[in-house]
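Q: Below are the features I grabbed from TrEMBL:
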TRANSMEM  79-98  transmembrane segment
TRANSMEM  105-124  transmembrane segment
TRANSMEM  144-161  transmembrane segment
TRANSMEM  194-213  transmembrane segment
TRANSMEM  219-239  transmembrane segment
TRANSMEM  330-350  transmembrane segment
TRANSMEM  370-387  transmembrane segment
TRANSMEM  408-428  transmembrane segment
TRANSMEM  460-479  transmembrane segment
TRANSMEM  491-512  transmembrane segment
TRANSMEM  536-555  transmembrane segment
Amino acid sequence: MSSFNQTPLLSYDIVDGSVDSKGRPAYRSNSGGWRSASFIIGVEVAERFAYYGISSNLITYLTGPLGQSTATAAENVNVWAGTVSLLPLLGAFVADSFLGRYRTIIFASLIYILGLGLLTLSALLPSGAAVAGFRSTDLPSSPVPFQLILFFFALYLVAVGQSGHKPCVQAFGADQFDGQDPLESKAKSSFFNWWYCFMCAGTVITLLVLNYIQDNLNWGLGFGIPCAVMVIALVIFLLGTRTYRYSIKGDEKSAFLRIGWVFVSSIRNWRTTPSAIAFEEETRGTLPHQSSEQYKFLNKALLAPNGSKEDGKVCTLGDVEEAKALLRLVPIWATCLVFAIVFAQTSTFFTKQGVTMDRSISPSLDLPAASLQSFISLSIVLFIPIYDRVLVPIARALTRKPSGITMLQRIGSGMFISVVAMIVAALVEMKRLKTAQEHGLVDLPNVTIPMSVWWLIPQYVLFGVAEAFTMVGLQEFFYDQVPSDLRSVGLSLYLSIFGVGSFLSSFLISIIEKATGGDGQYSWFANNLNRAHLDYFYWLLAGLSAVQLVVYVCFAKSYIYNRGGTV
């Protein structure tokens with residue numbers, strides 16, 4: 001009798017589709033959940049500390065020790081940031097198809113640490129301008145070629161390490177919650193909020209501490225600390241090994257092959273008549289109405305070439321549905337690109353603006369310009385708990401949806417706020433240029449403009465709130481709306497938005513730079529920012545963002561959620 005009573009409990013305690021570190025069935029009582037997720041969140045905090053220790057102040061390093069122009073440095077930052085955001089597509093493919101997320105994270109961390117170590121070495125070399133002890137206020141000189149090669153090699157090695165780390169860590173963290181269990185399903189939704197909140201908390205420390213070290217003490221130390229932090233992160237991750245849940249890969253073929261064959265079969269069957277497709281749908285069981293009507297051409301994959309059922313491989317209804325689910329993501333992905341272009345400006349031109357303004361905190365202490373980005377992270381850290389604990393319950397009561405508002409509504413809300421942020425940025429830049437003109441500083445770029453850097457805070461705060469809506473919404477959306485065995489790829493698709501956005505930002509800057517006369521007095525991006533016109537650029541981005549929002553809303557209204565979800 002006792003054994004009979006225990007059986008349902010043991011059956012419920014087992015998590016379907018997951019095993020522990022020794023390959024045995026995973027139990028809810030001793031694996032996964034917030035305990036395992038806390039190790040993984042800790043790793044992400046450390047990784048973001050290391051990443052922003054490089055990216056947040058990279059434009060200062062390029063225009064200072066490496067002696068590049070403002071426009072060239074901004075383009076290089078955007079190209080590197082774009083590469084960082086696109087390479088996770090490769091890392092996610094390797095993880096989901098071959099190594100698995102756990103092993104991919106370990107290998108990626110080792111590459112990451114190697115890249116940071118070489119980056120530190122490049123800053124410590126005694127020749128050229130990139131020497132330890134360089135201050136951002138010193139006059140730059142050209143580094144030796146070996147230094148330059150080593151620096152960029154190390155920089156892109158970090159990008160390779162990040163490619164396996166970024167999509168897999170977050171997907172592995174979300175895997176610690178069982179979406180089929182009501183309690184763990186709610187916890188998974190909160191996981192994405194708290195994940196981003198703690199990640200931004202680590203970023204705040206980076207921007208306040210590391211940027212000061214890099215600007216005022218030592219670039220070698222400023223790059224070396226992130227390297228040490230990544231070593232600690234790897235140790236933390238390994239400590240949680242026994243508590244993790246590991247997803248089981250089924251015997252079925254890779255999702256890449258299944259979905260790829262749907263598109264190939266659809267193209268091969270392009271001459272198939274609608275009546276043949278309708279007959280095949282009826283024979284197999286009718287697809288859900290909305291899904292079957294959308295992207296109907298993919299239903300041709302249900303038949304083998306020439307309408308035969310014997311020749312070649314025939315796709316299943318599930319394969320076709322998975323292909324449609326991926327295709328539905330494309331319009332949402334594309335309409336988020338302008339948001340990514342706008343996002344790229346926070347670590348480039350916003351920082352260069354801050355350098356020209358009064359940053360004094362005390363008579364002997366100036367706030368590093370790159371540290372202003374900490375206000376983005378601070379606003380996120382403050383806003384996400386309010387959103388998760390106050391706004392979501394209120395919205396949940398009104399809409400009767402578990403998440404309060406849908407993922408697409410959350411993303412669109414952030415886009416709207418980003419439009420407001422760019423309008424504010426343009427107005428503040430107009431004020432800065434007017435102040436420089438009134439005090440006769442237009443041709444004195446090295447003289448501080450008597451305008452407090454705190455004027456920039458509103459645009460940073462607005463971007464923080466926009467991120468809390470859009471970035472977290474995109475993460476949950478691309479994790480939830482892809483096939484379950486492609487979730488690392490889903491998160492890498494989210495990252496690729498910002499990769500392509502960074503490349504588009506670099507391309508846009510290059511085109512405008514050439515169209516406005518290079519570094520001449522009419523250039524929007526002149527090295528002398530007092531003669532530049534960043535305000536024109538910001539107005540352009542505000543206009544593009546407004547157009548993007550209208551197009552996005554049109555696509556979002558017609559979007560059909562995968563797996564029947566509405567969250």
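The backbone N, Cα and C atoms fix where each Cβ goes, and this holds for glycine too.
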Q: Give the nonlocal contacts of the transmembrane segment (105-124) in its own chain as ranges (CB under 8 Å, at least six residues past its ends).
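A: Residues packing against the transmembrane segment (105-124) from afar: 43, 47, 50, 54, 65, 91, 99, 130-132, 147, 150-151, 153-165, 168-169, 172, 219-220, 222-224, 226-227, 230-231, 233-234, 237-238.
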Q: Would you kindly check 330-350, 370-387, 491-512 and say which stretch has the most C-beta pairs under 8 angstroms to the transmembrane segment (194-213)?
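A: The stretch I would name here is 370-387.
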Q: Can you tell me which recorded stretch out of 144-161, 408-428, 491-512 has the most Cβ pairs within less than 8 Å of the transmembrane segment (536-555)?
A: 408-428
Q: Quick one: do the transmembrane segment (330-350) and the transmembrane segment (144-161) have at least 3 Cβ pairs under 8 Å, skipping pairs fewer than 6 apart in sequence?
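A: These two segments do not touch.
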Q: At a C-beta cut-off of under 8 Å, are there same-chain residues at least 6 beyond the transmembrane segment (79-98) that contact it? List them, or none.
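A: For the transmembrane segment (79-98), the far contacts come to 51, 55, 58, 104, 108, 155-156, 158-160, 162-168, 171, 254-256, 344, 347, 485-489, 491-493, 495-503, 506.
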Q: Which residues of the same chain, at least 6 past either end of the transmembrane segment (370-387), have a Cβ under 8 Å from a Cβ in it?
A: 52, 56-57, 60, 193-194, 196-197, 200-201, 203-204, 207-208, 211-212, 214-215, 346-347, 350-351, 354, 453, 456-457, 460-461, 463-465, 467-468, 472
